[in-house]
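Since the structure comes first, as structure tokens, the remarks are kept for the end.
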Amino acid sequence: MTRAYNFNAGPAAIPLEVLQQAQAEFIDYDGAGMALMEMSHRSATYEKVNQEAQDLLRELMNIPDNYKILFLQGGASTQFAMIPMNFLSEGKVGAYVDTGAWAGKAIKEAKTVGEAVIAASSKEDSYMRVPQASEIVVPENAAYVHVTSNETIGGVQYKAFPELGNVPLIADMSSDILSRPVDVSKFGLIYAGAQKNLGPSGVTVVIVREDLIAESPKSIPTMLRYDTHAKANSLYNTPPSFAVYMVGLVLKWIKAKGGLAEVERYNLNKTKLIYDVIDESNGFYEGCANKEDRSPMNITFRIQGKNEELEKKFVKESEAAGFVGLKGHRDVGGLRASTYNAVPLESCEALAKFMKEFQARNA
Ligand code: PMP
């Protein structure tokens, strides 16, 4: 079997070893005579899957004991609503850093629930950079400050997170969780849909400081309260059991790779190959993000002053050469290579080579 050079933005590449292990135990899980997804979520077997995935995530991200790990449904998009619902008590506002498309969606959704203000924005710079701490204005009645650690569409990333005093920092890490070590104790809440670095779609990971979820407003529906899921160890209702199991396998794979520092090193080597081609192309390729903020997860670029004809040709020829997912997001156009943890170095080497050859043919 030939594996495609998969640069999809999400759902995205899953490590081959993980897929193979899932395949090997797909029909008969742990000698039970049934697949994991056929089992009760109240069984000891699933409880172990649920607990092991939490424990491994805690170990790999060095998550302190006073944080809960939740496996929820509804994607990161549901977190856009759950966060303000749970944290915007009377008189409080959510402060949002506007870094592009995903931050924008979080802000829009928060406004359906309560008051959301923009604490800083890089809109005037076409979202080519992320606002720094000195630009962020936090209102006195802010319940939290929300940042998007990696903008999947724009291709910018916070390399270091703003330090904002006592206001809890909330981060959407959907597209860069587990790609590098982060100091979880600096955050009130971290959330991420699984379908990029964690496994398949269907489960959303939330890491939240316990004291922040002690008292959700009573008016919130049961399923949308963090305390519901925290008290029930993510087993309040039927969980996405197969997705949680897959996340557990991905976490084991990361541990076997040597943990997050090693994963980060590998990722930076991978993306350097592609960013180098962009930087050394004499302007044939143009990176969309400022160098200091560019993402090691989503490499966004254009060809020769946004030459859409050439970009179309690039996508077409890349597909014929075995590459998948290089077309930019429909909202911004251009090109994008998503190089999540599971994208192997070999795929990036092949892409760098293809890009050089494409330039030589078309410059
Ligand atoms: N935030 C970011 C940064 C994303 O990249 C995405 C999905 N691409 C989302 C939120 C929305 O995630 P979901 O589709 O899981 O709701």
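Placement of Cβ uses the backbone N, Cα and C atoms for every residue, glycine included.
What you are looking at is a predicted structure, and each value in this text was computed from that prediction instead of being measured.
Annotation comment: TrEMBL describes Arg42 as L-glutamate binding site. The C-beta environment of Arg42 (L-glutamate binding site), restricted to residues of the same chain at least 6 apart in sequence and closer than 8 Å, consists of Leu235. In three-state terms derived from DSSP, Arg42 (L-glutamate binding site) belongs to neither a helical nor a strand segment and is classed as coil.
DSSP assigns Gln195 (pyridoxal 5'-phosphate binding site) to coil, not to a helix or a strand. Every protein chain shown contributes to the tally, and the Cβ of Gln195 (pyridoxal 5'-phosphate binding site) ends up with 24 other Cβ atoms within 10 Å. Annotation comment: TrEMBL describes Ala76, Ser77, Trp102, Thr152, Asp172, Gln195, Asn237, Thr238 as pyridoxal 5'-phosphate binding site.
Per TrEMBL, domain 'Aminotransferase class V' is recorded for 5-344. Taken together, the residues in the domain 'Aminotransferase class V' (5-344) have a mean pLDDT of 97 on the 0 to 100 scale.
Taken from TrEMBL, the feature N6-(pyridoxal phosphate)lysine applies to Lys196.
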>> Please list the binding-site residues from Ala76, Trp102, Asn237 whose Cβ falls under 6 Å of any atom in ligand 1.
In response: Ala76, Trp102
> Between Ser77 (pyridoxal 5'-phosphate binding site) and Lys196 (N6-(pyridoxal phosphate)lysine), how far is it from one CA atom to the other, in Å?
Replying inline: 14
>> With every protein chain in view, what's the tally of Cβ atoms within 10 Å of the Cβ of Trp102 (pyridoxal 5'-phosphate binding site), excluding that atom itself?
In response: 21
>> Under DSSP, is Asn237 (pyridoxal 5'-phosphate binding site) part of a helix or a strand, or is it coil?
In response: coil
> What Cα-Cα separation, expressed in whole Å, is found between Ala76 (pyridoxal 5'-phosphate binding site) and Lys196 (N6-(pyridoxal phosphate)lysine)?
Replying inline: 12
> Out of Trp102, Thr152, Asp172, Asn237, Thr238, which of these binding-site residues is nearest Lys196 (N6-(pyridoxal phosphate)lysine) by C-alpha distance?
Replying inline: Thr152
> Near Thr152 (pyridoxal 5'-phosphate binding site), how many other Cβ atoms are within 10 Å of its Cβ?
Replying inline: 26
